């Protein structure tokens, strides 16, 4: 086959426009598909991030107050609500909180190691809840202990309380104390007084999935406080295994039986983790699907283009093929000729495509803060397109190999 | 002559259906994807108040202390209560409004409707005339109501429909957070896109249901939504004295001279406050207009830009593909073209004939692209993002779709048509 390369190149020189068009198309397709696959991979990686929550059994009630209450009144109501929820047959545990993992955004604080440090060490998502929150979310405590009930403070609307104890995620503990000595150490979270780490959980996702959250992935802390906010409180509820649907039906009834003076949005006031995950990752999933469709269609169009042009070439060269066959070339030789020709064009195309793919990626890094394209994607893209080219050229090439030697004698 | 070319084109296209279908499909997919993403971009980056946005400005200044000071810092994006009120009462602009967002519990008199939370805007009176907000019934409140913290409220059309079945409710009372408010006006449908006057409650959120005077809202301690940026002592129970920026100030300045004068006024104000010791940083003021403010905040999501680029890359591949297929198609007809040349057709008329064929492909591809764009936008509207509902094709974009398809295909046809015209007629005739 190697002997054939020179005549192929000579022949291609007579079809400059067509050759160039196929090569350009392969190059563009490779560049776009590589980057698209890379983006798909990144988005899917985001989609599968672990929250640390027992997602199969946990749901969240966004509970708002219909009247203007004092912090004391709210605290009494929250305690009563919690008792009512925990007594439900389908409910394992319940806790009030300022937010929940994958909420879609929420409270975060800068962390400093000293009170007068100006440039923060890092950033952490902030949750507040009582001693039931860990079990309710289903978090895994990997070191230290949970809060005691007498450590839980009462936190009114926009009150700037700083509890002296804190439970942190392993990611935050490791970021602050890389030597693994976090337990018992203190830090400052935008406050004048320190918080001491009494427990470490792993993992605990932040509320959001924005680029800022990805920059501080998994860094979260929990303060022991009942958030008696006049604007409303999130009630996290963990159902007993298999009783999620029943618990989700019973919970609002139990709450309204406690008091009618609350507002739970009938549309999205109660959500389980399937809905929460769906909501927060919707744009990522949409983007991944769109990229996937575009890539598939691009590959199909490129393949169709190769089929079209090669068919034309075969049609144009029927006479030459006939002459070669008459002079003793086998069907395999003819088939090999077209496959090799396509391979040569393909290699030219992918070489240009690789350069283009990295060029596009560099531009995207500067424009959209995406990561650097990894070589594996480009390599698999190259293989994919070369195989696609060979597959597309197969049908016309087989047709060419069936041209009978008699063609050589027709016309002229 | 054109009718003849058209006839030739249709005949030729019919002769090789698979190739024609492939070209049409490629153009349709490329155009469809491009126009879908472009329409979304067009909607999202539009002017929220056409004709008015050029004279609306967003004053910014820097009231912070020296903690973490860097000379190139941008000033905070909102203003404090003290500065906002000072600029509001200075009345240096034609209109000025100080505002923020929130949510209030509504307790309907009609017991069939449960109490619910409604997004609210707490603002001073000029909001309505400055943004030219249309009223269905009644009117906004006035500066005297602001001064007296009057319990007055303006409803959106949607909320009025929900609470009063769309009837004129002005003069009636509405219970908001346990207090009676007098309804003074009902807005007509109004949804500026983007939600430029307050980007902190969502860049593309719909308009609020309830409008109450800012002074009333702060007196009643209505809950505040949006962004709070604090320094120094920071957050306190009294937002009026807190060292936090949490309010948006908009002013209307009709001429560039007025804008320049207002900028000077802001500088003077900042210097004055620094001399008094309230401000510590050197005066740092900005006065962007609506579009400048939207650009600064990069309101259009970067995914939308990415999608547009992706779609145009896709269109480019589709066009290269079409060039290749057209080249094959035209060159395959060398014999026919040679005969036409030999019968006296000029190169120019051959060229025109082939471009007509390309144009027909473009037109059909454009129609397909339009259908695909409509389908694509329907899919976009089914997404849960807050801008999804806005994704509709308007007339200019519809015409642009066809123009783009035809122009793109004609461009794609240039090279193949030119190559086909170079065929020497005699050779073709001889070889057949």
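Keep in mind that glycine also has a Cβ here, set from the backbone N, Cα and C atoms.
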Exercise for review: From the ranges B:287-307, B:308-328, grab the one TrEMBL calls transmembrane segment.
Suggested key: B:308-328
Review point. Same chain, outside the transmembrane segment (B:308-328) by at least 6, Cβ under 8 Å from its Cβ: which residues?
Key: 19, 22-23, 26-27, 29-31, 33-34, 36-38, 41, 358, 361, 408-409, 411-413, 415-417, 419
Exercise for review: Residue list, the transmembrane segment (B:398-418) vs rest of chain: Cβ under 8 Å, 6 or more residues beyond ends.
Suggested key: 27, 30-31, 34-35, 38, 315, 319, 322-323, 326-327, 329-331, 350-351, 354-355, 357-359, 361-363, 365-367, 369-370, 373
Study note, to complete from the structure: Using DSSP three-state counts, the residues of the domain 'ABC3 transporter permease C-terminal' (B:310-423) come to 97 helix, 0 strand, 17 coil
